[in-house]
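The next block holds one structure in the form of C-alpha cells; read it before the comments.
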Amino acid sequence: MADKELKFLVVDDFSTMRRIVRNLLKELGFNNVEEAEDGVDALNKLQAGGYGFVISDWNMPNMDGLELLKTIRADGAMSALPVLMVTAEAKKENIIAAAQAGASGYVVKPFTAATLEEKLNKIFEKLGM
C-alpha cells in the first residue's frame, strides 16, 4: 500500500466534488490532500512541488483536465506524476483520449469509494508505490 503521507491534489471546479474525493481519500487513510478549482490553479500548485498524485476532473474552466494532463506529461519535473481522471465523460473516445495523453487511470462519475480505492491500488501497484 502507498505511503499514507502521499500528497494528493484534487482538481475539480465543483467544490462539492472536491470535498467528496477528499473525504474518500481520508477514509482510505490519506490525509495530505489539497484542492485546486481548475487546471491553471492546479499547475501553479504542482509547479511549487511536493505532490505525489493528482486526481482531476475533465470539464473545468480556464484549463480542462485533459489539457492539464498533457501539460503535466510534457513537463520534465512532473511527467511521472500519477494522474487519475475522475469525470462524467464516459464516452469511449474520451477514455481513449485520456489514455493516449498519459492518464494513469480513469473513473467515471458517479463512483463508489470501492471503485476509487480499486483504481488507486491498481495505480500504486503499477508504479511500485
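Any Cβ shown, glycine's included, is placed from N, Cα and C.
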Legend entry - Record-annotated N6-acetyllysine (source Swiss-Prot) among candidates LYS45, LYS92, LYS119: LYS92
Legend entry - In Swiss-Prot, the member of ASP57, ASP64, ASP75 to which 4-aspartylphosphate is assigned: ASP57
Inset, instruction - Check the Cα-Cα distances from LYS109 (N6-acetyllysine) to the recorded positions ASP57, ASN59, LYS92 and tell me which is shortest. - result: ASP57
Inset, instruction - Count the other Cβ atoms sitting within 10 Å of the Cβ of ASP13 (Mg(2+) binding site), across every protein chain shown. - result: 18
Inset, instruction - Would you count the other C-beta atoms found within 10 angstroms of the C-beta of LYS109 (N6-acetyllysine) for me? - result: 15
